[in-house]
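Trainee: Got a structure here, written out as structure tokens. Questions coming.
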């Protein structure tokens, strides 16, 4: 961990930041922004923009990228940091940047200060690192977009975390005070303490365990689940008070996997206390026992809470039913409890009215469509597997039904003879036959010239038999003709020459290619006028 090099900010002029903002605006719909577009957005002459971009490239605030078709400039993460710090300095929110105090798969954390030298915490979101690139699976920043740049996703993550910080702070949760946000930078209060994973001793482990479990339940009652509630995202102060950090993965309790995330948070706390403090409690919260008290997930549009679900929930709230957010099983249980109580008969009627609504009002249309597609795919795979098993069973039954005796009775059928155990190569068969004949003659002499007819027949069959296999193993490989090899080598040389010819050289390579194309067009239509 080190310091962020912000010394160049004091030497940058207004035109430098003007060009940086122009590149940022051009990257909304361009992967690389051409020089002409940067000049048009910045409102500066192309020559002045080119000189300014050269200065910015020297300090790695922008990067020039060349390709086969397009050349242009791209904003780097350092340039994005400078733009965020410049805006916050102009608002008089940030006055200095200090050492780095934390690093993660999604962000970097630095110590900072305001113009009055009060300590602040600066969190720079860094989405797109190689250690965490499955953003579309793990986070909902994309929503329905097919693609987006890492800088834009970092900006969305910062805005989402700032919104969660403000909402949790207003409801009395122990979180750092949110100060301001700009692009991918979140400014918050600096919390002086140590993470729970580094704590070695507490006065009362049971009381701390109860406070953490109560905090999980309190968040669930307000409609959200932390999703990553572990010892690395909890800071303990000197008086053993707990402060929560890191909220980009918070989900709604109406998320399809809400119970899994809730149980995972509870399991993380129980496992940590058993391992660290040798404390294990028999009581822990259950997801089915949570009763909603607020709708913070609706206000913040947490993951898993769709607009249609929000409309249905608001409609139920207007009718006076505060249990419409629960799942179907929880509704059935509460209906039974309400049915037993005669005084709550009106509430049970309202619950039945809500249950009679169609399912498409309770679930998102996209989720239902996805479920139908998965069911169809499973049916297709199942039909293919059953078809194969049926064919295999029919084939085995047919093989078992074959009558070998009937085949033997047919003409042309001969017994299949296996090679003997001491079978050798055909090249050595003549020598072996001579040795066998000598041995057989000796045996005949020993037996006084009396040889059985069966032995003579076996001897004739052995000599006439053709070996059905060989002991040696030969490897086979595909061979190429000389003409084929020459043709392939010539093709490789041609491709290498084309690669060298297409190699981009110089900053104005795209301009040169366009001019060459224009010359060809002019030469083609020469003399027409």
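Even glycines carry a Cβ here, placed using N, Cα and C.
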Trainee: Which range, 411-452, 453-494, does Swiss-Prot list as region 'Disordered'?
Mentor: 411-452
Trainee: Which of these ranges is annotated region 'Disordered' in Swiss-Prot: 295-330, 331-366?
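Mentor: That would be 331-366, per the region 'Disordered' entry in Swiss-Prot.
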Trainee: Starting from each candidate's C-beta and looking 10 angstroms out, tell me which of the recorded positions 123, 228 has the most other C-beta atoms.
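Mentor: Counting Cβ neighbours within 10 Å, the top one is 123.
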